[in-house]
Amino acid sequence: MSTDTSIKAGIDSIRAKADDLHLAEDSSNGTQANLDKHQIKATTAVGQDNGNNAGVADHKNDKNNKNNKNNNDDDDDDEDDDVAAAAAAVGDAGSDKKKKKKKSSNKKKKKKLVSIDQSYPDGVFPEGEWQEYGLDSNKYRTTSEEMRYLDRQQNNKWEDFRKGAEIHRRVRAKAKSSIRPGMTMIEIADLIENSVRAYASADHTLKAGIGFPTGLSLNHVAAHYTPNTGDKLTLGKDDLMKVDIGVHVNGRICDSAFTMTFNEDGKYDSIMQAVKEATNTGVKEAGIDVRLNDIGAAVQEVMESYEMELDGKTYPIKCIKNLNGHNIGDFIIHSGKTVPIVANGDMTKMEEGETFAIETFGSTGNGYVLPEGECSHYALNSGVESIKPPSDKAKHLLNTIQSNFGTLPWCRRYLERTGEEKYLFALNQLVKAGIVEDYPPIVDKRGSYTAQFEHTILLHPHKKEVVTRGDDY
């Protein structure tokens with residue numbers, strides 16, 4: 001039975017009882033209250049149908065079960081709103097008083113996103129996916145009490161990452177349920193970034209919030225595209241979009257990315273599967289004392305075992321060999337080591353306590369990217385304190401950058417949120433002086449398709465934690 005039919009039946013029932021029993025006006029109102037009560041119960045039942053999409057499925061210890069029960073606090077539930085509106089409509093129609101009927105609104109109320117801290121008041125956030133280290137030489141770490149003790153000394157650091165990861169899971173869940181073809185890139189970026197701001201309870205601060213500009217690269221554009229103000233680009237049904245989201249808490253950056261497609265014929269399935277499996281392989285191979293070359297070789301073997309058919313032609317899926325995973329430092333997204341996605345001979349080892357972004361890119365094109373297009377991504381270079389800004393305007397802009405972003409990456413839209421206007425000339429001066437680094441979009445050949453998946457991993461002394469893992473990828 002539909003909701004509308006149920007309401008009508010409820011109204012008829014109330015009126016019939018009122019006629020039979022000759023109820024007074026206040027009795028009628030009491031009956032209506034009971035009806036409202038039943039409708040509210042129905043609303044509650046509908047709301048409880050939501051699952052915990054933001055949590056990590058693999059962990060079923062008591063702490064995580066306690067924490068994960070709060071994940072639905074701010075989920076939108078349109079059906080809840082429909083039922084609540086219906087209950088209110090019954091209340092108006094069932095009254096014996098001659099009241100002017102209120103026009104029903106078709107707008108559905110959306111629950112306001114609230115800080116993640118309200119869901120986890122004790123400050124303990126869900127852990128990621130735990131994986132054993134593969135090397136036999138590391139087996140002693142799993143049982144060593146000393147190793148576990150050393151790990152506990154960094155609990156605050158790990159909780160910062162876990163908080164950022166939980167925000168990331170919620171933001172990407174909202175993005176996946178909301179993004180549709182026809183939206184502009186500006187609309188998509190605002191949706192994602194405003195969600196981060198709401199969950200983190202921060203706008204542009206060095207305490208928590210956006211870790212880097214939201215990447216929304218389409219098709220042959222592999223990375224480093226986010227819209228500048230005035231960009232009219234819209235998402236098309238046949239576009240393959242890489243969504244790269246960064247969230248930081250006290251400078252601990254969670255860097256995780258996924259690829260979205262809206263084409264219903266499954267033509268992108270092969271490249272999506274190839275890149276997702278390649279990233280999972282990189283995560284599996286990573287660990288303390290593992291050589292970076294060995295990770296790249298394993299990723300390459302998986303990625304290049306796939307091919308993709310487009311318009312009757314078969315294309316091998318290639319690793320984009322000049323894109324890599326990377327070390328993550330406090331407030332520094334690319335810190336020191338790079339994790340190749342092809343065998344490159346790098347014998348450098350991963351070390352205990354390090355944090356890495358394991359990301360892979362697959363392409364139907366050349367498997368090599370070059371900078372092209374209008375720049376939107378920027379970051380302050382380190383060790384530039386001795387360089388004098390070339391003008392007063394450049395000095396003013398540098399102060400704005402340092403106070404709002406530090407060494408975190410940012411984009412033009414973020415500058416404008418701080419109140420900066422007519423800043424492009426000063427910005428270019430800072431770039432030319434080497435104080436600020438620009439990161440233009442990087443692209444493979446036109447007509448090709450690229451995909452990306454990425455996770456942040458923490459190398460604990462005894463195990464590795466895939467902190468950004470979720471039910472989705």
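Keep in mind that glycine also has a Cβ here, set from the backbone N, Cα and C atoms.
Listed in Swiss-Prot:
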BINDING   His224, His334  substrate binding site
BINDING   Asp244, Asp255, Glu454  divalent metal cation 1 binding site
BINDING   Asp255, His326, Glu359, Glu454  divalent metal cation 2 binding site
COMPBIAS  41-53  compositional bias 'Polar residues'
COMPBIAS  73-83  compositional bias 'Acidic residues'
COMPBIAS  84-93  compositional bias 'Low complexity'
COMPBIAS  97-113  compositional bias 'Basic residues'
REGION    23-121  region 'Disordered'
Count of other CB atoms lying within 10 Å of the CB belonging to Glu454 (divalent metal cation 1 binding site): 25
Non-site residues, in chain order, whose CB comes within 8 A of the mean position of the CB atoms of Asp244, Asp255, Glu454 at divalent metal cation 1: Gly215, Ile245, Gly246, Ser256, Ala257, Ala357, Glu359, Gln452, Thr456
Neighbour tally for His334 (substrate binding site), based on other Cβ positions within 10 Å of its Cβ: 18
Residues near His224 (substrate binding site) in space but at least six apart in sequence (CB under 8 A): Gly215, Ser217, Ser376, His377, Tyr439, Pro440, Pro441, Ile442
Those residues of the chain, 6+ apart, with a Cβ under 8 Å from that of Asp255 (divalent metal cation 1 binding site): Gly211, Phe212, Asp244, Gly246, Ile328, Ile333, Ala357, Glu359, Glu454, Thr456, Thr468
Cα-to-Cα gap, His334 (substrate binding site) vs His326 (divalent metal cation 2 binding site), nearest whole Å: 6
Chain-mates of Asp255, His326, Glu359, Glu454 with C-beta within 8 Å of site centroid, divalent metal cation 2: Asp244, Ser256, Ala257, Gly325, Ile328, Phe356, Ala357, Ile358, His455, Thr456
Cβ neighbours of Glu359 (divalent metal cation 2 binding site) where a neighbour is any other Cβ within 10 Å: 26
Assigned conformation of His326 (divalent metal cation 2 binding site) - DSSP reduced to three states: strand
Same chain, 6+ residues apart, C-beta under 8 Å of the C-beta of His326 (divalent metal cation 2 binding site), given in sequence order: Ile333, His334, Ser335, Lys337, Thr338, Val339, Phe356, Ala357, Glu359
